[in-house]
Amino acid sequence: MTMAKTLYEKVFDAHVVYEGKNELPILYIDRHLIHEVTSPQAFSGLKMAKRRMARADLTLATIDHDVSTKSMDLNACSDMAKEQITTLMQNTKEFGVRLLGLGDKNQGIVHIVGPELGFTLPGVTLVCGDSHTATHGAFGALAFGIGTSEVEHVMATQTLKQAKLKTMKIECKGQFQKGVYTKDLILYLIAQYGTAKGTGYAIEFCGELIRNLSMEARMTLCNMAIEFGAKVGMIAPDEITFEYIKGKEFAPKGEEFQKYCEYWKSLRSDEGAKYDASITLDVSKIKPQISYGTNPSQVIGIDEKIPKISDFKNQSEQKSLLDALYYVNLEQDQVIEGVKIDIVFIGSCTNGRLEDLKIAADILKGRKIHKNVKALIVPGSMQVRKEAENLGLDKIFIEAGCEWRYAGCSMCLGMNDDKANSGQRVASTSNRNFVGRQGKGSITHLMSPASAAACAIEGVICDNRKYLGV
């Protein structure tokens, strides 16, 4: 009798090409995404060893981290950024890798362009030299971030040694309140259990809520599995997945697509499959979530107060709270609603998709942003930008007083020309609120696109639900 397997175990086991005694299994890698920041050293390693790429056709490159979203002009980038971008252009040409370069209609953030081109498919193994590669697990892919030396190894061999992870099931019951989204769900989850709860695990999100989510919403959830401590976040593919993939450039076509769908339907955890850990959440109780500190677990509901030191028994947690509040210039027991905001950033691989922009536009339509707020709307890809413009979303944003940008990582990280100044407070739809993440001395408050749009209007942290008739 065949042993019942989880989704993760099925995909992992199907890709083991060799497993020696007392050795880590070697996995075949189906898809490799690369960008300008973590690929130069890997290409250099290949050149020094006089190697070619094993499967350049299974590699897709894009320019995203360093690019200026103001102009897409290479000359607008810093010297280091310019060098990284031109190096990627040269390397992809030399090794025969498809590059979504500056001016390409499909250029964008690596974790957005992969799915929208059909490069990401259910049941594949997919890696990238970026920690948020778990995003692609929303398709039932086994996707994880790797280091630069591993990037080189995949280029050379199309394989990787990987220890098998433990499995965790997170079942989401119920439905969201109006004004609550998957960004709020993942922030709530991290706040409840901490940033280390998922360490050593491959997470599978399932349940009533998950089945009803769009692919965009599923990607937001899997994207931040890494902030929960997990290496992998997965969702079993279904008809919503298949419909999203159908017709995309790299997706199977015609009868072949139907054959793949039959296989993809088998990519779900078997009845009776054993997980090493499980969590069950009633999502109907979740309210819009806002981060107040300097790690993604320091999060509260919009109507809650910042914790007091007495709320924590652990000395390290107490110190973490005090250090965070000192940095962000907030107080214990302070109400988060009403805290002044300087910049609003709507974008990133977490929330830079068309659905995210629609949510923000619904709130901003017919309204003006606060006179003291600078608001950046940065589509995650040029395809998202075009689709948004076809719907007239760009006009809504511009009329509201926002800056409508080109595609890129932008203010998610202080690596390009979109940075906050020291002491400036950013309402951000990105995934990390570390010290200086958005610029030296910058202060980040993580939230959903709806909450960020509401903050842009009021100039303070506020409840988005007042703009949704709640």
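Placed from the backbone N, Cα and C atoms, the Cβ positions cover glycine too.
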### Query
In Swiss-Prot, Cys409, Cys412 are given as binding [4Fe-4S] cluster, so which of Cys349, Cys402, Cys455, Cys462 is in that site too?
Cys349
#### Entry: 8 Å Cβ shell about Cys349, Cys409, Cys412 centroid, [4Fe-4S] cluster site members excluded
Asp64, His65, Ile109, His132, Gly347, Ser348, Thr350, Gly352, Gly380, Gly408, Ser410, Leu413, Ser430, Asn431
### For Cys349 ([4Fe-4S] cluster binding site): intrachain residues, at least 6 apart, with Cβ closer than 8 Å
Ile109, Val110, His111, Ile112, His132, Thr135, Asn223, Gly380, Cys409, Cys412, Asn431
### Query
Taking the Cβ of Cys412 ([4Fe-4S] cluster binding site) as centre, how many other Cβ atoms lie within 10 Å?
29
### Query
Within 10 Å of the Cβ of Cys409 ([4Fe-4S] cluster binding site), how many other Cβ atoms are there?
29
